[in-house]
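Quick paste of what TrEMBL says about this protein:
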COILED    153-180  coiled coil
REPEAT    177-210  repeat 'TPR'
TRANSMEM  33-52  transmembrane segment
C-alpha cells in the first residue's frame, strides 16, 4: 500500500467537524465584532462625522444585500450567488462596492469560498489576496482559504505553509487544531513525512479533545501501520 492509498483510506470515514470548524460559523460569530469597530470611531469633526455616516449607510446597504443573496449559498447555487439575480446584487458586486465595510468583507470571504466550491481556485485566490481583516480568526480563515486553493492546485508545500500560518493566527482552539491538521496533511502530500509526523503529534498534545486532534491521532495510527 502506498502513502496516497493509505491516506485516502484513512479519510473514508471523515469525522463531523465542530461548528467552530465551519467558515460560515466564524463569519456569523464575528459579524457584530466587525460592525462594532465602526461604532468605536468617535466623530470629532464635521468631516469625520460625514465619513462615519457614509460608512454606516454603506454597511446597512451591504448587510441587506448580503442577507438577500445568502439563501442561494444555502442551496448551493454558487454561480447565482456570485453574479446575483434580477434585482439582487451578487457577492462579486457587494464585495467590489462595499469591500471596506464589515458585510462587504464577509461578502469577499463568501465570494472566494464560492469560487473555490465551483472548482476555480485561481479566482478564489485572487479574492483572498485582496481581503484584509484585523480580527484574528477571520484573518486566519482567509489564510486557510488560500491553503485550500493551493491544495486543490496540488501545490501542497504552499498549502501547508498557508494552513500553518492560519493555525498560528487563529485564536479559537478548535480552528487552530483543524488548520494545523490540514497543514500536516499537506506536508504529507508534499513528501515531507517527518515534518507531518511532528505536526500530527503536536496537535494531539496541544489540542486534546478537538476534532483536529482526533484526526491527527487516527492518521498517526494509520501511518504507524504502513511503515
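Using the three backbone atoms N, Cα and C, a Cβ is placed for every residue, glycine included.
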Between 0 and 100, where does the mean pLDDT of the coiled coil (153-180) sit?
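Across the coiled coil (153-180), the average pLDDT comes out at 94.
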Is it possible to list how many residues within the repeat 'TPR' (177-210) are helical, extended or coil according to DSSP?
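The composition, in the requested order, is 27 helix, 0 strand, 7 coil.
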